[in-house]
Amino acid sequence: FQGGDTCEYLLSSGRFLGEKVWQPHSCMMHKYKNSEAKNCLIDKHIVFIGDSRIRQLFYSFIKLINPQVKEEGNKHGNIPFEDKSSSIKVDFLWYPEVNGSMRQRIKSWTEGSVAKPHIIVVGAATWSIKIHNGSNEALAQYKINITSIAPLLEKLAKSSDVYWVLQDPVYEDMLSESRKMITNEKIDAYNEAAVRILNSSSRNSKAKVKVFSVSKLIAQETIMKSADGLHLPESSRDTNAMILMNVYCNKIMKPIDGSCCQPQPPLTLIQKMAFCFFTLSIIGYLIISLVHRNNYRKNKSCTDLESGEEKKPSISTPNISTLEMLLHSFCKLGLIMTYFYLCDRANLFMKENKFYTHSSFFIPIIYILVLGVFYTENTKETKVLNREQTDEWKGWMQLVILIYHISGASTFLPVYMHIRVLVAAYLFQTGYGHFSYFWIKGDFGVYRVCQVLFRLNFLVVVLCIVMDRPYQFYYFVPLVTVWFMIIYATLAIWPQIVQKKANGNCLWHFGLLLKLICLLTCIYFLSYSQGTFEKIFSFWPLSKCFELNGNVYEWWFRWKLDRYVVFHGMLFAFIYLALQKRQMISEGKGDPLFSNRVSNVLLFISVVSFLTYSIWASSCKNKTECNELHPSVSVVQILAFVLIRNIPGYVRSVYSSFFAWFGKISLELFICQYHIWLAADTKGILVLIPGYPMFNVLVSTFIFVCVAHEISQITNDLAQIVVPKDNSTLLKRLLCIGGFFSGLHLFSAIQDQSRH
């Protein structure tokens, strides 16, 4: 942390990721669309003053507003541009030299009640070098002229954004004979003079002329691609225009993935209350710890003065009170949430844009696969999808998803489609696991429901409060929560059909299948009736949970994307448990699941199906079309994997403890990555150690995994306290939770009203 202004970094430093992606030092740059640029610059007047290089920047800038603009007109004259729909005026004024004419034009904006431009971009020098054949007298005159203009620019900077564009280097080998006197040595001298003179009289003032020096760095990497050795290639000019747009618009538009030039958001009322709560929890825990320490010292073994023998107190483990465990958990959680806030809300740590390369995704995948295979152990049981195996499955999938997110692999469609299958596989396990529990146990009590809901949602609710984000922002948790409630409702409503009842009469199996068919019909209807779906989730209080950016479209899209896979998980669990009950499968250690012939046929079909899906996903050309097919076909690869993993007896009898360890904290890993591994709400990468990308990833990953593991323990501890088994106590806790959310809603309404 250098304490610098991210705007200064954006204007002065950075590097290329690949050939065309510019990465400013310490912050993220947003790629503005035409509509966003118009919204930002509405009713604004922007002026570009200078030579042909500034004219190029002018054209790149107005193309952000209207891509249809063509570079035509008098090259050595003024060029106006106006977008009437947004009342935006952008003018290029031809002043190739810093002289009296330029001074007079700038002075006209400082006098009287003349309307001043909102943004002024100035720069010139190469013409002075060319006309005067690079003489020292021309440089001396340039210093005199810029000295006379500087106070005027500084005066304008009090009410407008003023940028002085330093001169880019040239590619001397490509310069024409008439431009051979324009050397990089001369350009450096002119730039040095401009930097030294500008802001010399207002060094302590906030209103300064902003020096646009980053263009020099960009030109150093790209000028050799120039057509004439003097003018930048189009991609570099576009990058400069986008930087200029970020400098001015980020503080207005506040894009999530544009952290440069964005001020730290003010604390909301709810965030302040959360801070007070965690502070009181920490103080309370410290007080209790001090009291216990003093009591321990008093009870410490002491020497009997008469006999000289040591009397040892009886050794007993003190019972930790519920209050102490509660305060201890909230104390740890408070410190962790402080880290979350500092990483992704305070402008303390740096953030960088993602940049995808095949090596950045596939090499880490190979690393973790090797580690996973290395930590192979025998399972405690050899049933299909036993606990160790499902933990392993969740673990390796979560690690692959994490690598997918940090590498920015969503831009590569084949990888995206395979990751969609992994997300679907999580939901498949949701359907399989919860159906199996309710079918076998027949436990539809409130305690079970509350335990599951608490474990799924606790961390997300806390993050919604601390990070000031809506519930739907963490889309996966609402998704699994709703599907859990759908599974519960399907099996709990009359008639409740469970395995024990079905064993007595086979007709109950048909009754359950009828329930599943009704569920499938409802899913099919809602997936093709967006209006009905949105009406259901637009009712209060559901709208408070599922709205994002004022509507529930995002929620409908997420739900629709994997709409059938939970049903597939439930159906698979039903078929598997029915076969298991009738002893039609063999689950002994080392035994194949079916007879050798059937097992070999199923394995062959599974491998072919698995590879066929991968070939189809890898040949996808259009994300929208593939997303339409995904809900129906993703189950093919999921079932193929389950059969490949479970049909051979040996494969079913072993698991990777490395992957299983991560699988036990997979939910926490998925949620925590939003803010303390990635940054800017997953749009960028958190940078704790700038300048060393690999070392930074190692350090931030270590902290991230430790935090996720700790939060998992905190959630388990609090679940025992908040959701007790005693029904009367549980009812009281539920009333308290209801009161908490009512208060949260009230404060949220007050907060929203104050914002508006």
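Including glycine, each Cβ sits where the backbone N, Cα and C put it.
Record note: among 420-438, 629-647, 629-647 is the stretch given as transmembrane segment by TrEMBL.
Most Cβ pairs within less than 8 Å of the transmembrane segment (685-709), among stretches 269-291, 452-468, 659-679, belong to 659-679. Scored by C-beta pairs under 8 angstroms, the transmembrane segment (474-494) has its highest count with 452-468, from the stretches 452-468, 629-647, 659-679.
Among the stretches 506-526, 561-579, 629-647, 659-679, the one making the largest number of Cβ pairs under 8 Å with the transmembrane segment (396-417) is 659-679. Looking at the domain 'Cas1p 10 TM acyl transferase' (253-734) alone, the prediction's average pLDDT is 92. Only sequence-distant pairs (6 or more apart) were considered; of these, at least three Cβ pairs between the transmembrane segment (561-579) and the transmembrane segment (629-647) are under 8 A, so the stretches are in contact.
Residues 17-18, 21, 23, 392, 395-396, 399-400, 403-404, 407-409, 411-412, 415, 656-659 of the same chain lie 6+ residues outside the transmembrane segment (355-375) yet bring a C-beta within less than 8 angstroms of a C-beta in it.
Tertiary neighbourhood of the transmembrane segment (506-526): same-chain residues 486, 490-491, 495, 497, 532-533, 536, 563-564, 567, 570-571, 574, 578, selected by CB-CB distance under 8 Å and a gap of 6+ residues from either end.
Proximity of distant same-chain residues to the transmembrane segment (269-291), defined by a Cβ-Cβ separation under 8 Å and at least 6 residues beyond the stretch ends, is recorded for 323-324, 327-328, 330-331, 333-335, 337-338, 465-466, 468, 744, 747-748, 750-751, 754. With a threshold of 8 Å between CB atoms, the same-chain residues lying at least 6 positions outside the transmembrane segment (600-617) that come near it are 414, 417-418, 421, 594, 626, 633, 636-637, 639-641, 643-644, 647-648. DSSP assignment over the domain 'NXPE C-terminal' (22-92) gives 22 helix, 19 strand, 30 coil.
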